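A.B. asks: I'd like to ask some things about the structure below.
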Amino acid sequence: MGFDPPNHSETRTVYVANKYPQHDHYVPPKFADNRIISSKYTVLNFIPKNLFEQFRRIANFYFLIIFLVQLMIDTPTSPITSGLPLFFVITVTAIKQGYEDWLRHKADNEVNGAPVYVVRSGHLVKTRSKNIRVGDIVRVAKDETFPADLVLLSSDRPDGSCHITTASLDGETNLKTHFAVQETAVLQSAANLHTLSAVIECQQPEADLYRFVGRLTIRQHSEDIVRSLGPDNLLLRGARLKNTKEIFGVAVYTGMEAKMALNYKSKSQKRSAVEKSMNSFLLVYLIILLFEAILSTILKYAWQAEEKWDEPWYNQKTEHDRNSSKILKFISDFLAFLVLYNFIIPISLYVTVEMQKFLGSFFIGWDLDLYHEESNQRAQVNTSDLNEELGQVEYVFTDKTGTLTENEMQFRECSVNGIKYKEINCKLVPEGVTMDFPDAPTTSLSMEEELFLKAVSLCHTVQISYDQIDGCGDGLRFANGMSNQFEYYASSPDEKALVEASRRMGVAFNGIHGEIMEIKCLGKLERYKLLHVLEFDANRRQMSVIVESPSGEKILFTKGAESSVLCNAKLGEIDRTRIHVDEFASKGLRTLCIAYRKFSPEEYNEIDQRLHEAKTALQQREERLADVFNFIERDLVMLGATGVEDKLQDKVHETIEALRVAGIKVWVLTGDKHETAVSVSLSCGHFHRNMNILELVQQKTDRECAEQLSQLARRLREDHVIQHGLVVDGASLSLALREHEKLFMEVCRNCSAVLCCRMAPLQKAKVVRLLKTSPEKPITLAVGDGANDVSMIQEAHVGIGIMGKEGRQAVRNSDYAIARFKFLSKLLLVHGHYYYIRIATLVQYFFYKNVCFITPQFLYQFYCLFSQQTLYDSVYLTLYNICFTSLPILMYSLFEQHVHPHVLQSKPGLYRDISKNALLGFKPFLYWTLLGFGHAFVFFFGSYFLMGEDTSLLGNGQMFGNWTFGTLVFTVMVITVTMKMALETHFWTWINHFVTWGSIAFYFIFSLFYGGIICLIPQQKPWSTESFQSIRGISLLKVRRRVQKNFQGIRYTMYFKTSDWLGFCCPLGYSSLVTRLCLIEEPSIAWVGPPSRAPLKELWPLIGCALCVTSARMGRNHIKDAAGTGPELGVGRRGSCLGRNDWGAPGSLSCLPLVRSL
């Protein structure tokens, strides 16, 4: 072709139709294919990759280390006790992630296999979407989605334009017009496009949907024609073609390099305050674990150092043991104790928390109070990781337009040539003028009025809905053939409101065809040639068009914020317009200033040349365009200003007041001017009439700003009784944050409400970051509806998107999305309150029940001389957190409602009770920890004193062994911690009842089967019957005295909080039931019912003893005969005085009485 490839690392070169240069040394570049891969795993890498990701979590990795330690050294517990829970957690997570990834694979295959048509050798060839390559010319038909990012070459329209909708990308449902360059617009067939010799140079792929920089070089008649390419020339993958029969485009970004795919990247991970507290608790319990392991190891060696505690002859050390390294021995024992106590760290906590967050997030979407019927929109949860953070918010940062207001604009007033006008009966009427014939149509306009309305009708980016034009088909007919029944579409509600108002008052925009803009002024058709559009940007805060009038004049029309337009105006009624703008703003109207400028031919030629150079630049295009725009938009002539009303949303005032009562400070961050923002703040209740309004506006220098801040700080200290509100503009804020950040924060903290006006998007994010990083570290929430709010939504701890009319960028980048601002009240005060209460109790309860679980294990080592003998059976160790105690707390964390929702909404002050992470602070943590230790001591010593000093509890001389004692402690513990959860529950559903009582029942049933109570072999007589029939030896008088004493204490304490004495009363009732079981053969004292003196509710812990006595065979070694002959005596680990059998033979050593006798 003759093109030499440019050498730019920041750009890519695309040869249209893959017509590469005919150079031997040229190597075609390699680009990504068009396959979309949203999946994370493949069949081959799923297991290793998923395991790697899961073991990156500290808890999983910790339990993996414990499991490996159990495999490598001689530990007191089976590796199954750690391996099975870890396997369960890893497997459940892997199945969940694998299923989700399978769904992604399925969706990818559907997209990649979709049929498409590409141009090959002048013909259309059908292929699959995944086969498209960069440089291919693709045909897309009406209502089809674009399979790659395409540069538009032509369409079935003569001007090469097409209409698309990007609802799947940014949620905007309005039609957008895209254009082809003039030179390719005429190539409307595959054969014609095959003759095209062109090269596209464009930027490398990036995720910004609204930015594209490139240029198209076309070779015609041995000459190169260069045309600039921008966002209006790019058709994004995922967008859909509308109102156009077909288009042809060349693929420039394919597959995972398309902008849609680049936006798949997840947002930065936010961590809630609860998660941070949970990690801190884990660290504390890890320290406790290490302390217990080290202390036990030291005490073991201290005992072994004493001669009188020398080991018996059958457990003497071998020569190898004596010569082995003491350090290695110490480490081995330390690791063994670490394994023994490691269950104090709950492995199932993370899984339970994840399940609670995932399942709990559905309640927001299901809440009909958060459903907006008019728009048919429900609340949306984009991340479930921050549910509880909704209950900790201290600052709310909100946008104004579209968030507090409806974003439905209605034209109210305007100023033209220094005169104020109102619209009355579709007429532009000067203020104070009465109309003789109000219903008569407009027949004439003054020259100034006509020019003003023409500027409004021409300076915009409004489109017309072609589907509603009679008989237009896919094309556009102009004034003489157009129906009056059509509708304007615009990305900006302000523009739509102004164009509609201009049409009502006699100057109607009839559409654009190619470069021709057509308006009808008082029934007369006029055509203007659109030469250039100077797009709006947040820095300039204005947009302009350059048009050629029917008379051939080159005219610039511009509209924008008064801070941008008035300062560049040189002629016209500038001062009166400024006064009128302030009056409009004081009424709460949104204001725009309108001006124009005429160019001489020489001026226009210079401007056209500079614009062409800037638009075709591949490097620093935005900066060059900004310089040219500033050069053009100067020496303006003021035409006037407009005032547009934006109504407040429903119940905004009540919502802000509820947030204020809840202790949440509300900051409004808006781009509107000072007067407009203050007026809206007063009307919505953000500011109230009795509030003293302080202002930090129009500061020019650092010194002025510092003096003003110092003055405001003094006033706040002096008038601390009344409430204050602060108004800050963007310029003053920049000065305050530059050198006086601390002073500015001091002023803001002492104000009840803050209003920041004339804010740029990045300034909003800076304000949020300023509060986040302040010494108090408050929890922040940002809420907005537009693209300019995305930065602050992402910066805040919690981001809320409003499903408004400015697209879906805010919704896509938010953590939660709601249809109206009023829903924020229930989202925080009810859902946030519940989520925090539930998960805070879940975390504390998990640590509590694990302290109850492991502390008896630690205490038991003092009685078995630190032999590392486990108190519980391995199966119980394994199933405690997985089966026996997991479901009640999970259901609690999903359904608990300690206060009725209506009470939470009617009394917002209740939100203060849980603020600042109140339930996961040091005092609650200490309470739950000490409660766990206290209950554990009662479980252990209550069972210990229940068994008393009797070494022979059976008539045949057999003794209860360590498994009996451990099962007794474990049974009491399971019942107590479950009932503790029941007593914490305020809102009972059938599911709560089922899992609470079902968990206890499941434990009993499982233990009965596991312990051999129910014999499955008919020929074998159940051992339990013989055991019960031979039980003797406990004095009834002794037990009765003990029971009477215990019940008196229970009656006294039952008037206090039940949950605090619940664990204490469990062991105290055992004596009564044990006595009755032991003397069951004597008719005179047969137990036929509960004693009348004991309240029925006090008898529930006695049930546990039945299982403890009858399921003593946890070692699964059957008694061979009633005379006591059983398994051979086993020796415990590391010199344990305990046998490994459950029931000691006549000569066996039982731990508890032995230690007491020594």
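Cβ atoms here come from the backbone N, Cα and C positions, even for glycine.
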A.B. asks: May I ask you to indicate which of 51-73, 925-947 is given in TrEMBL as transmembrane segment?
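C.D. replies: Of 51-73, 925-947, TrEMBL gives transmembrane segment for 925-947.
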A.B. asks: From the ranges 833-853, 875-895, pick the one that TrEMBL records as transmembrane segment.
C.D. replies: 875-895
A.B. asks: Within 10 Å of its Cβ, which one of these binding-site residues (THR401, ASP789) has the largest number of other Cβ atoms?
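C.D. replies: Of the binding-site residues THR401, ASP789, the most buried by Cβ count within 10 Å is ASP789.
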A.B. asks: List the residues of the same chain that sit at least 6 positions away from ASP399 (active site, 4-aspartylphosphate intermediate) in sequence and have their Cβ under 8 Å from its Cβ, in sequence order, or write 'none'.
C.D. replies: VAL668, LEU669, THR670, LYS764, VAL783, GLY784, ASP785, GLY786, ASN788, ASP789, ILE802
A.B. asks: Let me know the DSSP-derived helix, strand or coil state of THR401 (Mg(2+) binding site), please.
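C.D. replies: Where THR401 (Mg(2+) binding site) sits, the three-state DSSP reduction gives coil.
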A.B. asks: If you average the pLDDT over the domain 'P-type ATPase C-terminal' (811-1018), what number do you get?
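C.D. replies: Value for the domain 'P-type ATPase C-terminal' (811-1018), mean pLDDT as a whole number: 86.
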A.B. asks: What same-chain residues lie close to the transmembrane segment (875-895): Cβ under 8 Å, and 6 or more beyond its ends?
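C.D. replies: Beyond its ends, the transmembrane segment (875-895) has Cβ neighbours at 77, 80-81, 84-85, 88, 343, 346-348, 352, 355-356, 359-360, 838-839, 841-842, 845-846, 849-850, 853, 966-967, 970, 974, 977-978, 981-982, 984-985, 987, 989, 991-992, 995-996, 998-999, 1002-1003, 1006, 1010, 1114.
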A.B. asks: Per DSSP, what is the residue tally for the domain 'P-type ATPase A' (115-177) in helix, strand and coil?
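C.D. replies: In the domain 'P-type ATPase A' (115-177), the DSSP-based counts are 7 helix, 31 strand, 25 coil.
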